[in-house]
Amino acid sequence: MTFTFTALLCLGLTLGLWIPVLTGSLPKPILRVQPDSVVSMGTTVTFICEETIGAKQSYLYRNGNLQRRVPKNNQKPTNKTEFLFLNVGHQNAGQYHCSYKSQGKSSDYSEPLELVVTGAYSKPSLSAQTNPVVTSGGYVTLKCEPSHYGHTLILTVEGPQKLSWRQDPQCNYYTENCHVLFYVGPLTSNQRWIFRCYSYETNTPQVWSAPSEPVEILVSGKLQKPTIKAEPGSVIHSGKAMIIWCQGDLDAEIYFLHKEGSHNTQSTQTLQQPGNKAKLFIRPVTQGHAGDYRCYYYSSAGWSEPSDTLELVVTGIYNYHPLMLSGPPSPVVPEGGNVTLHCTSHRYYDKFILIKEDQKFSSSLDTKYISSTGQHQALFVMGPMTPNYSGTFRCYGYYKHTPQLWSEPSNLLKILITGQLHHVLFLSVMPNSTVHSGENVTLMCWSTYSVDTFILSKEGSGQPPLRLKSKIQDQQYQSEFSMSGVTSKLSGTYRCYGSHDSSLYLLSFASAPVELIVSGPIRTSDLPPTMSIPPDGLQRYLKALIGVSVAFLLFLFILIFILLRRRHQEKFRKDDEDAQKGKELQLSTGAAEPVTRDRGHQKRSNPAAATQEESLYASVEDMETKDGVELDTWKPPEGDPQGETYAQVEPSRLRRAGAISPVVSREQLNTKYEQAEEGQEVDSQATESEEPQDVTYAQLCSRTLRQGTAAPPLSQAGEAPEEPSVYAALATARPGAVPKNKKQ
């Protein structure tokens, strides 16, 4: 029974397939197209006609006209036929049908299929008239404007649903401008809404223009909101590039960046693989990019909530007059105090804003006009100072109607907070704390604690402090701040601080203060002469200097050697003279023979001079012979025409006693000698007429003789003397007894 029922069922099904054929009614085929029913010009298109098995031929029609006929292969029966079109154009656009034949009968036509070819006209424009971000279930208004007057407009949505809206335009016949407003909705968060607009002529509805730019409507969903941040920061100078990061769910497929108030999506990024971060570029930044931004992401689960708002500020828009930012006399301030920063400009702005470089602090104030200076300014009071206030600051100007468009930045001002490192630092000055203008000074800051950077600050200077990396020497960290050619402006009180690289603006406690005093310049006469030597000649100069030094030392050595040798020779000569003198004294003492002088050759033409000279020799001879006075003589050098010179007279003993004439002093003898040298006349007659007087003798000891020639006076006849007289000036050693009443 069961078998019979199964056999009858199979027979019924088989008959069901062939009953339409037997009755002359073939099943209607189904027509499809690949890749899409809307394609651009030049695309390859394939039509597929699906029919029943056993069809002998298949037919394809466009606008009721046969386009293709394809016979079926009985060896390989199939239930579909493909019609291929290469490089389609606007002539291929239209309404298509297909049919087939089987057992000598034709089937009905398939349902119509429109093939739309785009790119025949210029593209229209499409924009959102309301915020392109809506909540789920909301509506949006899109405006489409054709590029050709009178064209019908069509709005399409990308996706499997193939939604579209057609509408004739509203045209202004005077301006020939046409547009259509499409009110679309409700929009759900379970799909993407990407719209495009086309235009076409009424008589050729399948030949469209090129598509407009896409407009995607973001539907705020319920997925977790992403985070948003900007690099290098949300305040950026015009013309530079920036990156906006949006981080969301791991299943995110695409990210969107939207600027509030804009009718278009600012930027999108489709991820090749699902991920939780997107990198959205804006380059170069212009003033049109200023504003508030949010980002979204879409995944298979729908849309996310919007991120927090990111305010993007574009600077450098107004650059007529630079802004100035000034602060306390020293940028180094203690923790807990208050600091006032002044932002000034010659140009009017509605507001000034003070911002920290890391953008963790900002404050804006209305500007005030200062009539005395002709400037606009704002005073920013910060305090009490904490580590959060340390860093670099700038101020900008802007107007209320464009709060995200700022001026050029002011100068950079650094604020350093002290007392953050409990290190002990020391500061010393070399060569001295008091120097002359133009000299070089070195301030050394050091500590036994680990310090990455030393900071040298001058009280009240208003200048940024000096920074130097520390160096380890002698088991201590130190830095040397060298100042060459100092002036009086560098006089003042200095302190040094230390910091770590991880927190450059957080400083240690200050070192003990050091006062530097720079006095007036050194006088030029006190300075040694200097010479500027070019760097390329320094090597030659050093070689020449070494050569001169060696030559000088060699010359000095030779000079010392000659002096020592000469001194040695003088010593031996003196010893020889002393020995010779001793021998002569011994000979003169031992012989005791009278000393006679041959005076025959010293005849004078002047009788007075001759008489005086004879008296002198006679006195000396008489002293030797009568009184027992010993006489020592030295022979003059050979060739001396003056003969012997009496050098020393030494009394042995006194033979007489009686009246002694006064001793003749050395001055009197010298006076007589000088008168003789000057050639003064001697009154010989007065000498001859006077009575003979006693001659006074003095014991003399002379080591050196001075010889002079005296020109005697002319004789009465006017004749010159025959030869000059020679006299010897004797130095008196000590007084002694002399003979009395010795006549000349």
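Along the chain as shown, the residues are counted starting at 1.
In case you wondered, yes, glycine gets a Cβ from its N, Cα and C as well.
Positions annotated as signal peptide by Swiss-Prot, on the basis of sequence analysis: 1-24.
If you look up Swiss-Prot, you'll see 26-119 marked as domain 'Ig-like C2-type 1'.
The annotation disulfide bond is assigned in Swiss-Prot to Cys49-Cys98 (among others) on the grounds of a curator's inference. Shown in sequence order, Pro29, Leu31, Phe47, Cys49, Ser58, Tyr59, Leu60, Tyr61, Thr81, Phe83, Tyr109, Ser110 are the residues of the chain, 6+ apart in sequence, with a C-beta less than 8 angstroms from the C-beta of Cys98 (disulfide bond).
The annotation N-linked glycosylation site is assigned in Swiss-Prot to Asn79 (among others) on the grounds of sequence analysis. Annotation note: Asn79 (N-linked glycosylation site) sits in a coil segment as assigned by DSSP. Asn79 (N-linked glycosylation site) has a Cβ environment of 14 other Cβ atoms inside 10 Å.
Residues or ranges marked as domain 'Ig-like C2-type 2' by Swiss-Prot on the basis of sequence analysis: 121-221.
DSSP assigns Cys197 (disulfide bond) to a strand. Here the Cβ of Cys197 (disulfide bond) has 28 other Cβ atoms within 10 Å, regardless of which shown protein chain they belong to. Annotated disulfide bond per Swiss-Prot: Cys144-Cys197 (among others), in sequence order.
The domain 'Ig-like C2-type 3' annotation in Swiss-Prot covers 223-316, and the record cites sequence analysis as its basis.
The disulfide bond feature in Swiss-Prot is assigned to Cys246-Cys295 (among others); the stated evidence is a curator's inference. Counted within 10 Å of its Cβ, the other Cβ atoms near Cys246 (disulfide bond) come to 27, all protein chains included.
Under the heading domain 'Ig-like C2-type 4', Swiss-Prot lists 320-419. The average per-residue pLDDT of the prediction over the domain 'Ig-like C2-type 4' (320-419) is 90, rounded to a whole number.
According to Swiss-Prot, the feature N-linked glycosylation site maps to Asn338 (among others), an assignment based on sequence analysis. According to DSSP, Asn338 (N-linked glycosylation site) is assigned to coil rather than to any helix or strand.
Per Swiss-Prot, disulfide bond is recorded for Cys343-Cys395 (among others), and the stated evidence type is a curator's inference. Annotation for Cys395 (disulfide bond): same-chain Cβ neighbours under 8 Å, separated by at least 6 residues, are Leu323, Leu325, Leu341, Cys343, Phe352, Ile353, Leu354, Ile355, Ala378, Phe380, Pro409, Ser410.
Annotation comment: Swiss-Prot describes 426-520 as domain 'Ig-like C2-type 5', evidence class sequence analysis.
Sequence-distant contacts of Asn440 (N-linked glycosylation site), defined as residues of its own chain at least six apart whose C-beta falls under 8 angstroms from its C-beta, comprise Ser482, Met483, Ser484, Gly485, Val486. The N-linked glycosylation site annotation in Swiss-Prot covers Asn440 (among others) and is backed by sequence analysis.
Taken from Swiss-Prot, the feature disulfide bond covers Cys445-Cys496 (among others). All chains included, 27 other C-beta atoms sit within 10 angstroms of the C-beta of Cys445 (disulfide bond). Look at Cys445 (disulfide bond): DSSP puts it in a strand.
Swiss-Prot lists 565-744 with the feature topological domain 'Cytoplasmic'.
According to Swiss-Prot, the region 'Disordered' annotation covers 572-617 (among others).
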Worksheet item: Per DSSP, Asn440 (N-linked glycosylation site) is which: helix, strand or coil?
Response: coil
Worksheet entry | Alpha-carbon spacing, Cys197 (disulfide bond) to Asn338 (N-linked glycosylation site), which is rounded to whole Å | 61
Fill in: Nearest of the disulfide-bonded residues (Cys144, Cys246, Cys445) to Asn338 (N-linked glycosylation site), judged by Cα-Cα distance
Cys445
Discussion item. On a C-alpha basis, identify the one among Asn79, Cys144, Cys246, Cys295 that is nearest to Cys445 (disulfide bond); the candidates are the recorded positions.
Written reply: Cys246
Practice prompt. Give me the Cα-Cα distance between Cys496 (disulfide bond) and Cys295 (disulfide bond), rounded to a whole Å.
Written response: 48
Worksheet item: In DSSP terms, helix, strand or coil for Cys49 (disulfide bond)?
Response: strand
Discussion item. Based on DSSP, tally up the residues of the domain 'Ig-like C2-type 2' (121-221) by helix, strand and coil.
Written reply: 0 helix, 55 strand, 46 coil
Discussion item. With the cut-off set at 10 Å between Cβ atoms, which of these disulfide-bonded residues ends up with the most neighbours? Options: Cys295, Cys343.
Written reply: Cys295
